[in-house]
Amino acid sequence: MTPGHLGAACAAVLRRDLLLAWRRRGDVAMPVLYALIVGTLFPFAIGPEPALLARIAAGVVLVTVLLSILLSLDGLFRADIEDGSMEQLMLAPQPLAMLVGMKMLAHWITAALPLIVVAPVLASMLHFPATAIPVLILALALATPLLSVLGAVLVALAGGARRSGMLLALMLLPLCVPVVIFAAGAVSAAQQGLPWAAPMAWLGAGLALAVVLGPLACAAALRIAMDS
Amino acid sequence: MANWVPLWLHRLGSPPVFYRFAGAVRPWALGLAIALGAVALYGGLFVAPADYQQGDAYRIIFIHVPSAWMSLFIYGAMALAAFIGLVWRIKLAETVAMASAPIGAAFTLITLATGSLWGKPMWGTWWTWDARLTSELVLLFIYLGIIGLHHAFEDRRQGARAASFLVLIGAVNVPIVHFSVNWWNTLHQGATVRLLGPSHIDASMIWPLLTMMAATKCYYVSSLFARVRADLVVAEGGKGWVRDLALDDAKDAPA
C-alpha cells in the first residue's frame, strides 16, 4: 500500500492504538478484572442457590460487560486530545470518520474482546447452562461493538467537558436499553429452549446501522468538541 | 408577496428582535394557558361523567395524557431546533433547543408521577415494568443527559452545540427504545385517542382533554420564551442592545 492511501492511514491508526494498548497491558486487564469481581458479588448479594443464579446469569453478565465497557470508554480520546494527535487526525487528508472508526475497532479489540473471552467463565460460575453458552457469546459479539460505537460517539461529545465520567454513564446507559433488551432476550430464549433468531437479528440490524452511522457521528461530535 | 414570511423569520433569528417579540407574546401565551387550563380542569373534574369501569379515578387522564403528549412534542420541537442550530449555526435555535430541555423533562416527570398515582388504584401498584412507563422513564434519563451535557462545558455555545448533537442522537434512538421496550413487555392500555380513525372515548371526555392539550402548548410557549429571553441576555451580555435594555430599565425604575 502506498503511504497516504486511505488503507495505509487506517492501518497505521489501528497499529498505533493496538501498540499503545499493548505497551500498557495492565490497563487492558482492568475491565476484565472489574467484570469478574462485580459478577462474583452477585452470589454474595442474593444467595448461592444454583436455580436462582442460573435464572439471572445472562442478565448479570450482560450488565457487567456493559459497565466494564463504560469504564474503559472514559479515556478513549482523552490522551489524543491532550497531546494534540487528535488535531493531526482532523487535519489529515483522509476522512476523519474512517480514522475514528479504526480507533473504535482498536477499542473493541482491546476492551471488549477480552470480556467476551471471560464471559463464559463468569456465566458458568453463575450456573448458566453450558448448552446456551454459544448463544451468549454470539449475543456479546454483536452487542459489544454496538456499545463501543455508541459509547465512542458520546465520549467524543463529552471530550471538551470538565468532568465526563458520571456524565458519560448518564448519557450512554439510556441509549443502551435496546441493546440490553435484545441481547438478554436472545440469551434467555436460548436458555429456555425457545427460538432466539429474531432478537439476534434485531441486534445484528442495530449493529449494521451503528457501524455505518457511528463513525460519521463520532467525527462530527469530535469536531464540535474540539471547536474552541 | 409571499416573500415576507422568510424575511420575517430571518429577522426573528436576530436576538434583539426575538427578545422583544418573545416579551410581547409571552404574557398572552401565559394568560391563554391559565384560562384554557382552568376551563379544561372544570370540564374534566366536574362536567365530564365518571367512567363506568374506572369511576372517578380516570380523571387524572386530563393531566396525565396531555403531559405525555407534551413530553414527546417538546422532544420533537427540541430536535428540530437542534437540527436547525447545528446545520445553519443559528445561535437562537441552539438557545431554543437548550431552553426546551428542562420543560420537556418537567412534563416527563409529571407524566411519570401522575401515571404512578393512577396505577395504584387501577393496577394495584405504584410502578410496574410496563413498556410505556419504561420508555417514558428512559426519555426522562435522555432529557437529563442532555441537560447535564449542556452544563458540563465552560463555553456555553460549545455546550449547546454538543448537547444539540446529543438531542439528534436521542431522536434516532427514542423510537428504537420505544419499539424494543414494547417488544419486551406491555400491560398499558392501548391508545384511546387517535389521529386517524375513530377514538375510543366519549365526546364529553375528549373536549377537556383537547383543551388541556392546547393549554399545555401555550404554557410551553410562555415558559420557553421566558427562558430564552433570560438566556439571550446572559449570552449577549456584552452587546449594545443589552446595555441599552439595562440603561432603559435603570431609567424607568423609581429612584
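Just so it is clear, glycine is given a Cβ too, placed from its N, Cα and C backbone atoms.
Whatever TrEMBL says is automated annotation, not expert-curated.
As written in TrEMBL, here are the features:
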type     : residues  : note
DOMAIN   : B:27-188  : domain 'Cytochrome c assembly protein'
TRANSMEM : B:28-48   : transmembrane segment
TRANSMEM : B:68-88   : transmembrane segment
TRANSMEM : B:95-117  : transmembrane segment
TRANSMEM : B:137-153 : transmembrane segment
TRANSMEM : B:165-184 : transmembrane segment
TRANSMEM : B:204-222 : transmembrane segment
Can you work out which residues elsewhere in the same chain, 6+ from the ends of the transmembrane segment (B:95-117), have a Cβ less than 8 Å from its Cβ atoms? 60, 63-64, 67-68, 70-71, 74-75, 77-79, 81-82, 85, 126-127, 133, 136-137, 139-140, 143-144, 146-147, 150, 160, 163-164, 167, 216, 220, 223-224, 227-228, 231-232, 235
Which sequence positions outside the transmembrane segment (B:137-153), separated from its termini by at least 6 residues, show Cβ-Cβ distances below 8 Å to it? 71-72, 75, 98, 101-102, 104-105, 108-109, 112, 159-160, 162-163, 166-167, 170, 173-174, 177, 181
Chain residues in Cβ proximity to the transmembrane segment (B:204-222) (below 8 Å; excluding those fewer than six residues from its ends, i.e. six or more beyond): 25-27, 29-30, 32-37, 39-44, 47-49, 61-63, 65-67, 69-70, 73-74, 77, 103, 107, 193
Restricted to the domain 'Cytochrome c assembly protein' (B:27-188), the mean pLDDT of the model is 87
